[in-house]
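Trainee: My questions all concern the structure below.
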Amino acid sequence: MNASPHSKPSAALAPSPTAAFFPSTSRVYTSKAATVVDDDEALDEIRRYESFSTVDWVVDNTRERNRLARERQAASAHFVSSSSNAHLGNADAAWGHIGFGRGGVPPRWWSRGPWGRRAWLVWGIVKSASSAFTDSGVIVLVGILIGLNMGVISLATEWASDLKQGYCSSGWWLNQKFCCWEMMDQAGPGGAPLPAAAKALATATVTVTASIGAAAAATDSAPILPATPAATPTAAIRAVAQEAYNLTIRAIPDHQLWSRSAQDVIQDGFGTGLRLLSRAEGAASGAGDLSETCTDWVRWSKWSFPAWIIYMLFAGLLSFICAHLVKSFAPYAAGSGISEIKCILAGFVINGYLGFWTLAIKSLTLPLAIASGLSVGKEGPAVHVACCIGNVVASFFRSFNRSQAKMRELLTASSAAGVAVAFGSPIGGVLFSLEEMAYNFPASTMWRSFLCALAATVTLSFMNPFRTGKLVLFQVSYDRDWHYFEIMFYILIGIFGGLYGAFVIKYNLQVQSFRRSYLVKHGVSEVVVLATLTAFVGYANKFLRIDMTESLEILFRECEGGGDYDNLCQSWAQWRMVNSLLLATVLRTALVIVSYGCKVPAGIFVPSMAIGATFGRMVGILVKALYNAFPHWSLFSACQPDVPCITPGTYAFLGAAAALAGVTRITVAVVVIMFELTGALTYILPTMIVVGITKGVADWFSRGGIAEQMIKFSGYPFLDKDDHNFGIPVADVMRVCPQVLFASGMKLSELEGKLADGSYKGFPLVLAKHDATLLGYVGKVELRYAIGKARRARALDGDTLCLFSVGPNALDRADGVESSAHGAQQQQPDLLSVASLPTTAAADRAVREDMLSRFSGATGAGSASGLGSTSATGVASQRRHESESLIGQLDVEDDRSSAPSYRSRVDAGDNMSSSSDDDAVVGNAGGGVDGESDLDKLELGGWIDPTPLIVQPGMPLETVMDMFKNLGPRVILVVEYGRLSGLVTVKDVLKRIAMQEKAEAAARTAAAAGLPMSGSANSFTGEGAGAGGGELEALLKEAYEWAQEKWALISPRIERISARRASASRGGAPGSQAGQARYSHLRESTEDRYDDSDAVAEDMPMHSTRQTSATKNTRSEHHQFVLGAQDDDDE
């Protein structure tokens, strides 16, 4: 239902919104209806939702349904008006009856004849059809842009990562892989070596080329004849030599084939052969290191120590540039973004978080953050970037701008596309958005997520950024089956994944708490220190030195036919590999804990997968070593002798799945993502076993993944999907003294004073100060809009009486006046006001008819929807006394996020402006307001929502929590016997959840320590929730304080040294050596004397502080005097 914004209780009638669409039936209200639409358009320009407020989904859905209903009415108006023949008499006047709505009149140059009208009708149909396909077109466009963006980010990341180790001499823009493309196969670095025949071919190329050169030495310009290779003795060598000859001929351009010197032939032939030899023997010499076989790739230094220093310098430089850009231009670009996007999809508004600058800076700095070597990933930030693209693109389309529900669907689809291109898993991306991101996931959202993920994946596939046909670098395929005896080892990997997730989440939150307390002003320095420390620690370990995606590709690979890397598949080096992998697991876990959450784009998905992969590969190597040592054990009876029994790469693959599931607590999406990475149906069951065990172990320690825990840590108003058992009524958590407005009348100055309070987004409306009967709810922005319009229409002062008329007898009850004449005068306008409500659904019609029946009664006391009447006088008297005591104690206690008014539910735009900008916005808004003709009164009743969501005080809190989850309101009013008792918001429920969790944690701690349970009774008060620190936070705090103390001791010496150097540089001119020597001697003696006095002052009692300060001031004055004397000597 829609309360008309222009219902006047005096003589004027409120226009019906249908008058704008049915002029033939409501011509009396045509001008008023145009004013209604003007108000709607003006309010569309106002940003409806304030930053860090919550979207009311009940409001938004109602407004969207009514908007669609008005469009259908406008489209059907043509068929209503075209039944008459009026347009035949006056063609120009008939344009108003065509029924395309406002703005439907064609331009002046359009033909006014019959064919012109038909063409205009066809054009309207085309526009309607195109608008129907606009949504899908926007989804596809967003998906294409996401794919392009991720392709560019992948290439930039690879190039910047390789820049720390060297550069390509043939092109500075090429990374190591593209620079040495000829030296490796399609598998990339560490790929499979060439077969033995190719090695023989390369050797023959070198030999035959040498023979050709010797034969051609006699004649410097001798032609190269095809008969030369035929001189080889045997058929096998002849075939090899023939192929070598063909390679040599192809290496020589056609125009130089008959005029080449012997030296040129020898160089070309030897070059081709040596390249083939290098490629054939690449695996034996550590194919992962292309610098030994690729001459185009130049390392910064051939020595380990200088290369290590340069590696750290590049890491610090890249991290500094990244952190500085984020801090200077887009602070919202820091972090992963998953937690905030979950809250945004649930209705929490963060203005600028999905803006253009965030998109540009995060896309630019994400490759820098990954290339710096920080233990962070790009998959989480890829979701944030994808949502930024969706938001920026949708801002150009009005259909998305004015509907928060459609914008939510688009952002959900964008997040699915972001995961799809990050992991090369379109179906996994859709399931990720369903399982992790979406707060509400209807069927239409599923289709749009699928379409967007498909468009993004196809675009990335066309780009082919790695030139291998892979969407991501660590895609791999397995063709071997697993054995049932391996399930015990899979269980071990699953347990590790659960322990890893619980461990990382617990200690990362402690690091975040320490970072918030001590490192807020040192974000850039922290990032540089972390990057340098990571490079310092990880350079010696090859699994930490290389990029994490490349590390995953190497660890996932099979040994047989998959290539080797640093002897990873060699049996003689298995124990060295075990040690290296274990060290990499431990060190990267520690680095992830301290790095995730720093002020750069930072994800945790791929770092967790890299940790799980190193642990899993280690387990696989140990199992394979056990099989090689005891192949005849009954445990290995299922193994076939001629087929490799154990594949360590599959263990790495399962370890990555376990770690990812442990830190995110996602199950189905992880299984599908890992399946799409391998394409192996045989490993779905092991993956499900591992992920299921990981989920159980991790949830035993704590519930919720890293994203949910970060939401709680940040204090965002987000209700998770878990069920809670409170066992209390809603009255125990409601706000009992909310700010209210009085329908009996308020002075304009008093009303504006309440509007100036930034703690509220709206106010409940009660009958009067002495009667707390609830009449409705009104939003702050609507009131400011109406007052601003009224000020432009006529003069208003602070004593103007503001009225909120809802029913025909409401004001009479409030004033104690029962005037039948006045009531009769008001009755007709109120009936028409109610009749003008749009009827877009059967429920709306039923409520409207109920209101009509209530208002039409001659003796009935009017009541707003949702209010009950008190029949017993005793109960009424008691409730009136309670309401007087309630309303008399109104005050402002804390921030309260309330819903916008009913007017905004139906007609307004999608965003609220900030409270600081509201006055300026209202000043420029258009539209009208009720009661403009009365100089003493200002009627604002048309802006009231007469049907807010209400509950009884005794309703269980669990039911109210389900209402918040399923309906999505911002505020629910608590009403008893028709009178306002309080209100409850999402924050109230979250406070209760936090108190309950804290109490349960305190109880577990007390039980583990053997303390009595009464010691944790105060936990239920909720005080200090989340304020406690952990052991890691305490350790970091002690280290920080120790560093501050040491710096306080060192910094004065550094300052003195700097001052001496500065004075030496000033006194270095000829003729000033004497004065400089005298100054230095005097200053050193003075500093020694005052240093001794400072040492004595440190041992003085507290009452000597003033004396110490005077001593220091004297010292400072003496330094100034000495410097001044030196300046005089210099002059």
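Placed from the backbone N, Cα and C atoms, the Cβ positions cover glycine too.
The annotation transmembrane segment is assigned in Swiss-Prot to 137-157, 206-226, 305-325, 341-361, 380-397, 414-434, 485-505, 518-538, 577-597, 603-623, 643-663, 680-702. Here Swiss-Prot flags 815-835, 858-928, 1061-1131 as region 'Disordered'. The feature compositional bias 'Low complexity' is assigned by Swiss-Prot to 866-877, 1061-1078. The domain 'CBS' annotation in Swiss-Prot covers 944-1000 and rests on sequence analysis. Under the heading compositional bias 'Polar residues', Swiss-Prot lists 1104-1113.
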Trainee: So, do the transmembrane segment (485-505) and the transmembrane segment (305-325) meet, by the test of 3 or more Cβ pairs under 8 Å (sequence gap 6 or more)?
Mentor: no
Trainee: Contact between the transmembrane segment (380-397) and the transmembrane segment (137-157) is defined here as three or more C-beta pairs under 8 Å separated by at least 6 residues; is that satisfied?
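Mentor: With 3 or more qualifying Cβ pairs, these stretches touch.
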Trainee: How does the domain 'CBS' (944-1000) divide up by DSSP, counting helix, then strand, then coil residues?
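Mentor: Split by secondary structure, the domain 'CBS' (944-1000) comes out as 26 helix, 17 strand, 14 coil.
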Trainee: Examine the transmembrane segment (518-538) against the transmembrane segment (305-325) and state whether at least 3 Cβ pairs sit under 8 A, considering only residue pairs 6 or more apart.
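Mentor: Contact between the transmembrane segment (518-538) and the transmembrane segment (305-325): present.
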Trainee: Quickly jot the same-chain residues contacting the transmembrane segment (305-325) by Cβ under 8 Å, restricted to those at least six beyond its ends, or write none.
Mentor: 160, 163-165, 299, 361, 364-365, 368-369, 371-374, 523-524, 527-528, 530-532, 534-536, 539, 545, 598-601
